[in-house]
Amino acid sequence: MGNKQTIFTSQQLDAYQDCTYFTRKEILRLFHRYRDLAPQLVPLDYKNQPEVRLPYELIGSMPELKDNPFRQRIAEVFSEDGEGNMTLDDFLDMFSVLSEMAPRDLKAYYAFKIYDFNNDDFICKSDLEKTLNKLTRNELTEDEVRMVCEKVIDEADLDNDGRLSLEDFQHMIMRAPDFLSTFHIRI
Amino acid sequence: MEEQKYQQIIVPPAWYWLVKPVTRTTGHKDKRRYSPLVPCILQLYHNFLVPPVRQIYDQNSRMRRMSVFPQHGTALGNLGRTANEIRQEAEHSKSELVSDLVNLSAGARFQAIRSLPMSFNERKTVRNRVNSVKLSKTVLAADCRQQVSRSFRRFRASLASARQHLIIWQDTLKEIGGRFGTSVLSYFLFLKWLLQFNLFSFIINFCFITIPQIVHAPNISSTTGFRGLELLTGVGYFNQTVLFYGGYNGEEIVSKPVYNMQLAYFFTIAAYLVLCWVSLIYSMSRSFQKNFVLETGPVSGGAWRLLCSWDFSVVNEKAIQYNKNNLAIQLKESLSERLQEKNKMSLSDRIKHLSLHLLAWLLSLGLAIGSGAGIYFLGTDPELAFSFSHNPNNLRAEASTLLLPVVVSLINLIVPLLYSLISKIESYSNPRAKIYISIIRNVILKMSILGILCFYWLNFVPNSISCWESFVGQSVYRLLIIDFIFCLLGIFFGEFLRNVIGTMCIQSLGVPEFDIARNVLDLIYAQTLAWIGIYFSPLLPVMQVLKLFILFYLKKISLSLNCQPPKHTGRAAQIQTVFIALLFFPSFVGVLSMVAFTVWSLEPSNQCGPFQGLKTPFHTIFNWTASIQNFPESNWVWWIFENILRSELFYYLISLIVLVITYFLWQITQGRKQLIKTLREQIVNEGKDKAFLLNKLQNLQKERREMASYRPQDFDQTPHFNPNWMNTLPLDM
């Protein structure tokens with residue numbers, strides 16, 4: 001509120017505040033969380049916008065993400081290079097979308113991208129199988145996996161093209177109001 | 001032989017189907033078209049539906065535009081376009097986006113920028129462009145307006161971050177959510193929300209009523225020494241203190257502006273109740289809007305469970321493993337349901353089920369009525385009830401006042417267990433129906449107990465005891481304290497011992513689950529008591545605040561040591577809405593009607609309290625308006641009070657207007673449901689169109705390839721997008 005901080009210029013902080021759902025205090029706190037992952041790589045002075053990119057292994061070792069079955073996909077979706085190596089901007093963006101203030105449509109969009117393993121803008125059967133394997137791992141047989149995926153496509157595919165588009169997914173989310181509170185990572 | 005320039009027929013890219021306007025004229029004479037009713041309905045409800053639907057539609061089209069272009073473009077989408085054209089298209093849509101955003105108001109603009117689904121850098125560029133456009137548009141003289149709006153925004157942001165300092169328990173809640181998931185967390189959030197109500201009540205009561213009273217202390221008639229039992233019973237030493245109604249005096253405190261204690265007491269409590277009302281309605285409507293969907297369709301098993309129900313906020317490894325197991329079990333169950341034939345129940349089976357249901361309901365209602373009657377007879381037993389007021393120094397009589405609260409708490413503890421036993425004999429097709437029915441039964445029990453108590457307090461007590469409001473306040477105090485003690489006992493026996501039994505002695509029982517519904521209903525019951533007691537004992541919220549504080553930590557410890565997360569976590573959001581609705585009706589509405597009855601019709605006691613000597617407490621207002629009638633500048637207040645608030649016609653008119661508006665809004669809802677249905681049919685039709693046209697495209701390309709191999713020199717090699725593509729399709733499709 002009147003803190004003199006030397007990490008960002010005030011224009012940078014304004015830009016962060018305008019483009020994410022965080023307040024100044026939270027942005028600084030998140031910066032320190034980011035820095036704690038690799039203090040030797042992340043400088044304390046971001047005024048000249050250094051190009052610092054933390055590798056996926058460090059991001060995936062955060063306590064909020066380390067046991068999440070989708071941590072790799074989350075990091076890939078939010079990182080600029082698509083491989084999971086995140087800059088500070090990507091990091092803030094990720095937690096902003098996953099915070100409780102993000103609206104449902106934005107969360108649905110990113111959830112769709114996370115479940116779309118082959119990045120073709122559709123959730124096809126193989127994507128569903130991969131999702132199911134990440135969520136249950138060895139408890140379902142091959143047959144059951146196949147039947148569950150077929151059932152999902154039957155129920156959710158509205159335009160009958162055999163795969164889920166973003167609109168099908170959003171339509172399903174509209175009817176599942178818990179989604180807003182479950183697609184949420186606290187930091 | 002004329003060389004025909006073979007015009008390539010290009011199917012429009014995938015996004016076209018979704019961005020084009022909803023009503024389009026079509027040349028198709030295909031039978032699988034929508035009914036002619038659609039344009040009528042769309043026209044009829046266009047005026048009402050455009051604002052919200054358009055917002056969603058615009059945002060979706062914006063998102064679709066931004067996401068499909070250019071790096072994620074599908075092969076079909078970029079078919080037949082050069083790299084230049086793709087870049088131009090992207091640039092064009094981006095500038096459209098910027099101009100859209102510039103036209104919004106400041107608040108909406110920032111919300112829209114934040115919710116753009118693009119990477120952070122792109123969002124920042126859009127924001128910078130929007131800002132530069134806005135800057136270039138404003139004249140130099142309006143620069144100070146820019147400054148003002150910017151500093152206003154900074155102030156709001158700093159206010160938001162200052163508010164964060166006040167948020168308590170953030171780490172604890174994060175830990176609970178991380179281990180047990182969001183449905184258990186909702187109980188703790190509900191507790192925190194109730195704490196805010198009580199804290200606010202305590203602050204305003206203390207500032208406006210208690211402090212003036214303490215500063216000008218009334219004569220305290222007789223004080224007995226402080227004995228330990230007062231903490232439980234609230235009588236004796238506490239009797240004439242500011243804890244209860246009797247400790248307040250209705251005189252006017254002579255100070256610079258004359259402070260009328262009667263008005264202060266009345267208005268403080270009225271203002272608090274009105275604020276509670278507004279806050280509850282606001283929370284209820286927001287929760288309803290978020291959590292109840294308009295269209296009724298089965299949101300069943302597989303799709304929702306797989307894609308929407310995974311709880312990302314759980315971070316504990318064991319809890320995640322537990323959730324994975326649960327998900328696998330639920331998926332297997334839903335698969336086996338699908339495979340089995342739904343066996344039709346024979347008539348005799350159905351009659352048996354119905355009669356079991358009827359029996360269970362009769363038993364539950366009988367138990368509720370029986371407990372109500374028992375409490376009534378216990379309460380009106382003249383020996384028991386008034387023995388203390390007749391012998392104020394008798395310790396035994398004082399202890400006997402605790403009998404009623406103990407019986408009430410025992411009933412609250414035992415009868416819900418009986419209810420859960422009764423529900424075991426019934427069989428439900430739907431597990432959610434089971435939860436809702438058990439909630440309804442428990443609510444009926446608790447509200448009937450409270451109803452009987454209120455009836456007793458308002459009908460019999462005023463005629464038998466001198467300072468009856470203090471007596472009621474003390475009864476509420478006792479009920480709250482004993483309820484708290486029983487809560488602690490419940491934690492010990494219900495969770496700790498049950499865990500020990502479940503893990504060591506009878507292995508089959510297992511670790512107990514955290515029963516969210518029962519705990520939330522207990523919270524609602526305690527809060528209703530606290531609200532009832534505010535009029536009779538202004539400092540009662542202190543006790544409730546302390547109690548909720550301690551309960552939070554105890555429940556958290558018990559949760560981590562003894563319980564496991566619930567297995568069926570579905571539909572937690574809808575149950576949350578039901579709880580908030582229960583807090584409003586019957587809980588708050590009941591309290592409001594009771595306090596209104598007390599203030600409006602009951603005669604206040606003559607010897608104590610701020611309203612002594614008046615016919616009813618509401619006469620304060622009559623006296624006050626009569627006194628300000630003499631001042632010409634405040635005549636309008638008197639006029640409003642006399643002619644509007646006291647006339648019945650005003651209330652009839654208001655009710656009529658509200659009913660008309662409700663009917664109107666209901667009709668709009670029906671119209672929207674119809675629109676959703678027709679739009680859904682349209683999506684299905686679009687899908688069929690898409691498949692058909694793809695097929696046609698493949699055939700044409702095959703033909704073209706064959707012809708190209710025959711006469712290669714006739715073909716135009718650079719593909720281009722023909723904007724009149726629709727005209728090139730043959731009409732006889």
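The backbone N, Cα and C atoms fix where each Cβ goes, and this holds for glycine too.
TrEMBL labels come from automatic prediction, so no person has curated them.
Feature list (source: TrEMBL):
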- B:193-215: transmembrane segment (TRANSMEM)
- B:263-282: transmembrane segment (TRANSMEM)
- B:354-379: transmembrane segment (TRANSMEM)
- B:399-422: transmembrane segment (TRANSMEM)
- B:443-460: transmembrane segment (TRANSMEM)
- B:467-573: domain 'TMC' (DOMAIN)
- B:475-493: transmembrane segment (TRANSMEM)
- B:575-600: transmembrane segment (TRANSMEM)
- B:649-666: transmembrane segment (TRANSMEM)
Counting each residue once, how many in the domain 'TMC' (B:467-573) are helix, strand and coil under DSSP?
84 helix, 2 strand, 21 coil
To what whole number does the mean pLDDT across the domain 'TMC' (B:467-573) round?
86
Counting only CB pairs under 8 A, let me know which of B:354-379, B:399-422, B:475-493, B:575-600, B:649-666 has the most with the transmembrane segment (B:443-460).
B:354-379
Let me spell it out: take the transmembrane segment (B:575-600), skip the flanking residues so only those 6+ beyond its ends count, and list any with a Cβ under 8 Å from a Cβ in it.
186, 190, 266, 269, 273, 276-277, 280-281, 283-284, 287-288, 291-292, 435-436, 439, 443, 447, 450-451, 454, 458, 516-517, 520-521, 524, 527-528, 531-532, 534-535, 616-618
Would you mind listing the long-range same-chain contacts of the transmembrane segment (B:193-215), meaning Cβ under 8 Å and 6+ residues beyond its ends?
242, 247-249, 253, 259, 261, 264-265, 268-269, 271-272, 275-276, 279, 283, 523, 527, 530, 534, 538-539, 541-542, 544-545, 548-549, 552
